[in-house]
Amino acid sequence: MNHLIAPSVLAADFANLQRDIELINNSEADWFHVDIMDGVFVPNISFGFPVVESIARHATKPLDVHLMITDPDRYLETFKNAGATNITVHYEACTHLHRTIDAIKKMGCTAGVALNPHTPISLLEDIIEDVDLVLVMSVNPGFGGQKFIKHTYQKLHTLKALAAGRNDSLYIEVDGGVNLTNATSLVKAGANVLVAGNFVFSSDNPMKTINSLKELDPFSNLI
Ligand SMILES: O=C(CO)[C@H](O)[C@H](O)COP(=O)(O)O
């Protein structure tokens, strides 16, 4: 699978949200990454259902919704109705992860599980076949613009090995501090979805930045 790019709307200009949505629509990005923070699971609050509905109304690409919230089961259906294509919940926020993943799929969405930087890949041993996506957090969740944690490379290798032969269509997503310096190495380590927020929207030309991330060819020098 060629790698996908999911610009994080968290770093967009909320006063010009429609402009930034159109920018993503017209770029080579594949998905919209939509971060939901509740101020409890993470020490920050982002935005809620009306904003997700507005994004969905204007977006021409799938909405990849990352729930950084406690007890996400309460809101799965509301996010689906707001326009989510993929819903990712945190391993650390779920008591019955298998049930939650099942509920997301039964609604017709793809289902992802996110891991905080301290949470080992090995904990996915008994659920790797059931998820569509694993989101490896490469910063502690809650804020954009943080420094990339290098141990992520090791986690991507471990995840790729865990999924091999058991879930070969798995989306392996990396989120936090992604930029043009580490993107090639991340794809080589196993990531096939790159989330980028600040690197895109703080750049002089966000469209060009998205397209540069997409046009990387990490395997071009391999026979
Ligand atoms: O989930 C997130 C924060 O919890 C963001 O998606 C992530 O941090 C991306 O932002 P940036 O690319 O600016 O690091």
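The count begins at 1 with the first shown residue.
Cβ from N, Cα, C; glycine included.
Curation does not apply to TrEMBL; its annotations are automatic.
It should be emphasised that the depicted structure is a prediction, and the values quoted were computed from it without experimental measurement.
Copied from TrEMBL, the annotated features are:
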type: BINDING; residues: Ser8, His66, Gly142, Phe143, Gly144, Gly145, Asp175, Gly176, Gly177; note: substrate binding site
type: BINDING; residues: His33, Asp35, His66, Asp175; note: divalent metal cation binding site
type: ACT_SITE; residues: Asp35; note: active site, proton acceptor
type: ACT_SITE; residues: Asp175; note: active site, proton donor
Check: same-chain CB within 8 A of divalent metal cation site center, minus His33, Asp35, His66, Asp175: Ala6, Ser8, Leu10, Val34, Asp64, Thr88, Leu135, Val195, Gly197
Conformational class of Gly144 (substrate binding site) under the three-state DSSP mapping: coil
The one of Gly142, Gly144, Gly177 whose CB sees the fewest other CB atoms within 10 Å, among these binding-site residues: Gly142
Cβ neighbours within the same chain of His66 (divalent metal cation binding site) - under 8 Å, at least six residues apart: His33, Val34, Asp35, Ile36, Thr88, Gly112, Ala114, Leu135, Asp175
All-chain count of other Cβ atoms within 10 Å of Asp35 (divalent metal cation binding site): 24
Cβ-Cβ distance under 8 Å to Ser8 (substrate binding site), same chain, at least six residues away: His33, Val34, Asp35, Gly144, Asp175, Val195, Ala196, Gly197, Val200
Neighbour tally for Asp175 (substrate binding site), based on other Cβ positions within 10 Å of its Cβ: 27
Other CB atoms, at most 10 A from the CB of His33 (divalent metal cation binding site): 28
Among Ser8, His66, Gly142, Phe143, Gly144, Gly145, Asp175, Gly176, Gly177, the record's substrate binders - longest CA distance, Å: 17
